[in-house]
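**Q** Input: one structure, supplied below.
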């Protein structure tokens, strides 16, 4: 049985360093850390398959733009018969302080269009790793803020690397140990 790790983001160089693309940044860090094979284009996404320890893992970066992320996630879930308990989505969360991580299973999309798309196609009982991007400290519409670049992309990449080092905990039955390990 596969575990599907999905990073949410938008395709294209202009979005690479944006807050909305933190899911892609994390999945890329996992791929690098565990030497996954190069991503290939499949099912409206970039996909890479390998093992992390004894766990079969698929890394997925939907290429449908954020608001249609559910299309490629549903294709993979249905074709490979992945249970929702084995689907973990990495995404940006403006309601959480920058750099903080929270883990949640199920629930609403809280206005996140990528999560809304996924929930519409596969249901809501999947795992979410919510990466805090904070809110702007000056008046700005949220839609512009999430599409703006991180101030220090190297700091974000270092955080993503740290997440990669502890990712094996997400593959166990005690997923909340993952968040605890990042607090140390």
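Quick reminder: no glycine exception, Cβ is built from N, Cα and C everywhere.
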**Q** According to TrEMBL, 65, 67, 113 bind tRNA; which of 15, 168 is also listed for that site?
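**A** As annotated by TrEMBL, 65, 67, 113 share the tRNA site with 15, chosen from 15, 168.
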**Q** Looking at the recorded positions 10, 20, 92, whose Cα is closest in space to that of residue 65 (tRNA binding site)?
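**A** If we rank 10, 20, 92 by Cα distance to residue 65 (tRNA binding site), first place goes to 10.
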**Q** Near residue 92 (site 'Stabilizes the basic form of H active site to accept a proton'), which residues of its chain come within a Cβ-Cβ distance under 8 Å, counting only those 6 or more away in sequence?
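**A** Counting only residues 6 or more apart in sequence, the Cβ neighbours of residue 92 (site 'Stabilizes the basic form of H active site to accept a proton') under 8 Å are 8, 19, 20, 21, 22, 23, 112, 131, 133, 146.
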**Q** Which state, by DSSP, holds residue 92 (site 'Stabilizes the basic form of H active site to accept a proton'): helix, strand or coil?
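**A** The residue in question, residue 92 (site 'Stabilizes the basic form of H active site to accept a proton'), is strand (DSSP, three-state).
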